[in-house]
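Here is the structure we will look at, set down as structure tokens.
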Amino acid sequence: MTATLVVVGHGMVGHRIVQALRDRDTGGRWRVIVLAEEPRPAYDRVALSSYVDSWDPEALALPGNDYAGDDLVELRLGDPAVRIDREARTVVTAGGVEYRYDALVLATGSRPFVPPVPGHDLPGCFVYRTIEDLDAIRAAAERARTSTAPGRRAAMVVGGGLLGLEAANALRGMGFSPNVVELAPRLMPLQVDEGGGALLRRLIERLGLTVHTGTSTESIQRDGDRLLAKLSNGTELDLDLVVFSAGVRPRDELAREAGLEIGPRGGVVVDEGCRTSDEHVYAAGEVACLDGKVYGLVAPGYTMAEVVVDRLLGGGATFPGADTSTKLKLLGVDVASFGDAHAATEGALEVVFNNAVAGSYAKVVVSDDAQVLLGGVLVGDASAYTSLRPMVGRELSVDPALLIAPEGAGVGTGVGVGALPDDAQICSCNAVTKGQITAAITEQECADVPALKACTRAGTTCGSCVPMLRQLLESCGVEQSKAICEHFAHSRAELFEIVQSTGIRTFSELVTRHGQGRGCDICKPAVASILASLGSGHILDGEQAALQDTNDHFLANLQRNGTYSVVPRVPGGEITPEKLIVLGEVARDFGLYTKITGGQRIDLFGARVEQLPAIWKRLVDAGFESGHAYGKALRTVKSCVGTDWCRYGVQDSVTLAIELELRYRGLRSPHKLKAAVSGCARNCAETPTKDFGVIATEKGWNLYVGGNGGFAPRHAELLAADLDTETLVRYIDRFLMFYIRTADRLQRTSAWIESLEGGLDHLREVVVEDSLGIAEELEAAMRRHVENYTDEWADVLGDPEKLARFVSFVNAPDAPDPSIEFVERRGQRIPVGSEERGSQPALIAGPKLEVVNS
Amino acid sequence: MTALVERTETWVQVCRITALLPERGVAALLPDGSQVALFRTYDNEVYAVSNTDPFSEANVLSRGIVGDRGGVAVVASPMYKEAFDLRTGVCVDNPEVSVPVYPVRVVDEWVQVGLR
Ligand SMILES: Cc1cc2nc3c(=O)[nH]c(=O)nc-3n(C[C@H](O)[C@H](O)[C@H](O)COP(=O)(O)OP(=O)(O)OC[C@H]3O[C@@H](n4cnc5c(N)ncnc54)[C@H](O)[C@@H]3O)c2cc1C
């Protein structure tokens, strides 16, 4: 007999309940009905602020949130529950549908608290909790941008807590000068102590936010098109919009009406099994009140979800208590708080390092005998957080001061992961312990971070424990073999170092002195790419020719029947009618199939080897050059139409795209590089899928890095904002050269950034702050590239020796390969398939794709 | 190679040895219309195998990268990257598959392929 579970609310916790139940209920005891108020399935609310980078709701979707193909789950979107009848055990939705339940879970989360300030409901006042909230803020931002009212575009965020600061940051990204108003005497009063709060304020003000602490909002009035806010300390603020972020309140209204027990400050009261005062009704997540507490973080909600599921399946799990540690990076400022951050424990002692010059503040709280770590606060540099948090509540083996002693003080910072006991939580979001992770490594043979993520879920929510996962892999002796292939024991980055520092410029010398054997199709193209990046002449010069993959060797792309495709460069996707006509004529005269690529250019297919020079000749004569579609190199810089034509554009995206494409053309790299420039936040050039993407802002350009399409699509992330063109180009120079020098073979920028110790933050330090002191060198390397660029096609046309290689047969230079045949499809020529050739299908193994480590 | 030489009656002269760059192949068209891929390795050995990649059926093996697997000279198909032992034609990645090998010799700087 299948019982019915109704879940009310499809937020982060609601989704986790369904997922965990469907994972564990293999016998199909429960069928699940999910009633969702929001119009879309569950998304990552924790990452809500990143929505402003892409404005793409899909990017926030939680994996598996549509339960596709699962007959036991019915998801009802956009139809909230409005009434519970506990007697009849039914739930009624706003749409009037009634469901009977055997068990009911309330996972309705919370709503933002809006203080009853006069004017709080005027147009221009918003909250910050859902995708729709952000869409509304964006629309208002757009109106403010085009408004003619005088004054700076300004916004006010009511509430200086974690969410308020996040919202302020997002508003800053939209071009507003944000004011943050906080009632308490410091920012983030719940997490940070006075000392940390003072530093946090300084760091944040330095970034252009205005902070008003110890004051409240008295009123908000309409002032023409804008708003006028009055603060209790007398300050008046001219504003375009207001965002309330002054805490949340549990959405317990259904439960109240149904007569369930409610906590003193709201929230549906549940026992340690997450059961409410009605044995058929559970509550989990932000709506639940457990032990008198309501938790505003996702990790305790996930734990409750697991407890509920265990109970539904007849288990006896109880809520073990929650870790309310926080680590975040706001506007590039690290803040972390964990355990008893305010030293509220009786007799607790504090150890503080406050370095006002370096801008870092660290405090640990220990028990009265200094033996047990109780908590701490870190501002400015939170790198010790990942190793300190799991130590909370444990005996210390070292002097507490050493835990936060600054580097260079003669002692190591923090504690090693090896010192942690097996039951220490490494991933607090998903409650994964060190023991579970080491078991996954030793028993289930997880050999890298992605495998650990898939196997244990550790590191999949906020990601702050990923460095610990790496350390655990190492401490379990999992050698992350760096050897590129059997011929070199080195990684690509190490080979790059060797080539650069030794001046070796041939493969033979390199493999003789630093490797073994004669190389293969893995190391040879990798070394060819390194040589090309270091400016070693034409890629077909001398021995280099023998290192190139067939695409680079013929400067064209091999197709499945042995012919090649030809892609001339069309910088920024801008092309004159004359050149378009030439492309058409060349395609017609050589019988080439034509198709428009995703990178805004035109691909000509079906050229035989011996036709390539003649095709290039025609193209080069008409002013075209190689588009490097064949290389692990810069492909295209796609653009929208920009200010020249577009009614909305704010910058000239086409000119910038052309400049960038011409600057980086021919640049060889560990993998292909794609780029785009959008002239406004509408982002028509689809920058989030590019290795580097530029989006115009009112003040300049935002630079995003690390996106890609393909097998495992990734969204690019913001590296730096509001740059002038010169700075932008400098940063891209540095970014690309740093990538070229340090990435693995066939590692796209996304995977490379992920593999960097410190990830995107580290990259930003290197590129923007020049933390390694190599910016000058990287820029110089790029200058050399730009100066030495020549067109690879034209070079071959001017070199009889190279030209001689472009034949199908060495003993019959003019003969075409007789096995290449075409048929017609939709008016163009395509290769004959096996059936059409009339032969037995001789395919012995299916075509394979090279699997790229990501 | 001697065993093959004895059975070979006709030798076709295809190119000068200088047309073979070390570790970079060329294709030659034989009188019967079949195609052969010729390679010269770093130690100056010359090898000839069929130019047809059995996995894709395209005539492309001559365009593969030449190197070694555990010391054995191989060419990797440019299509899906399987490696073939240049001495035997056997696919190193899937020994059930192989490509025909041809007798080959160098006479007075000319590369000659034996027809079978
Ligand atoms: C900007 C932002 C940043 C955050 N950052 C962090 C962070 O860094 N770390 C952290 O731990 N937490 C963070 N949080 C908090 C975290 O998002 C929440 O703790 C988490 O989403 C709680 O999950 P939930 O399922 O209980 O509630 P929610 O995710 O809010 O989901 C509740 C759902 O129930 C729906 N609902 C309500 N009533 C009904 C009804 N009657 N019928 C049907 N559906 C209904 C709601 O529409 C909603 O979709 C952040 C939150 C925000 C807004």
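Each residue, glycine too, has its Cβ placed from N, Cα and C.
Values in this document were obtained by computation on a predicted structure and should not be read as measured data.
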According to TrEMBL, which candidate in A:Cys523, A:Cys646 joins A:Cys640, A:Cys680, A:Cys684 at the [4Fe-4S] cluster site: A:Cys646
The domain 'FAD/NAD(P)-binding' (A:5-292) and the domain 'Nitrite/Sulfite reductase ferredoxin-like' (A:559-620) contact flag, 3+ Cβ pairs under 8 angstroms: no
Which listed residue (A:Cys640, A:Cys646, A:Cys680, A:Cys684) has most other Cβ within 10 Å, given these are binding-site residues: A:Cys640
DSSP helix/strand/coil residue counts for the domain 'BFD-like [2Fe-2S]-binding' (A:426-474): 26 helix, 4 strand, 19 coil
Additional residues around [4Fe-4S] cluster, ordered along the sequence, whose Cβ is within 8 Å of the centroid of A:Cys640, A:Cys646, A:Cys680, A:Cys684: A:Val641, A:Gly642, A:Tyr648, A:Gly649, A:Ser653, A:Ser678, A:Gly679, A:Arg682, A:Asn683, A:Ala685
Tally of residues which DSSP labels helix, strand or coil - the domain 'Nitrite/Sulfite reductase ferredoxin-like' (A:559-620): 29 helix, 14 strand, 19 coil
DSSP residue counts for the domain 'Nitrite/sulphite reductase 4Fe-4S' (A:631-770), split into helix, strand and coil: 52 helix, 35 strand, 53 coil
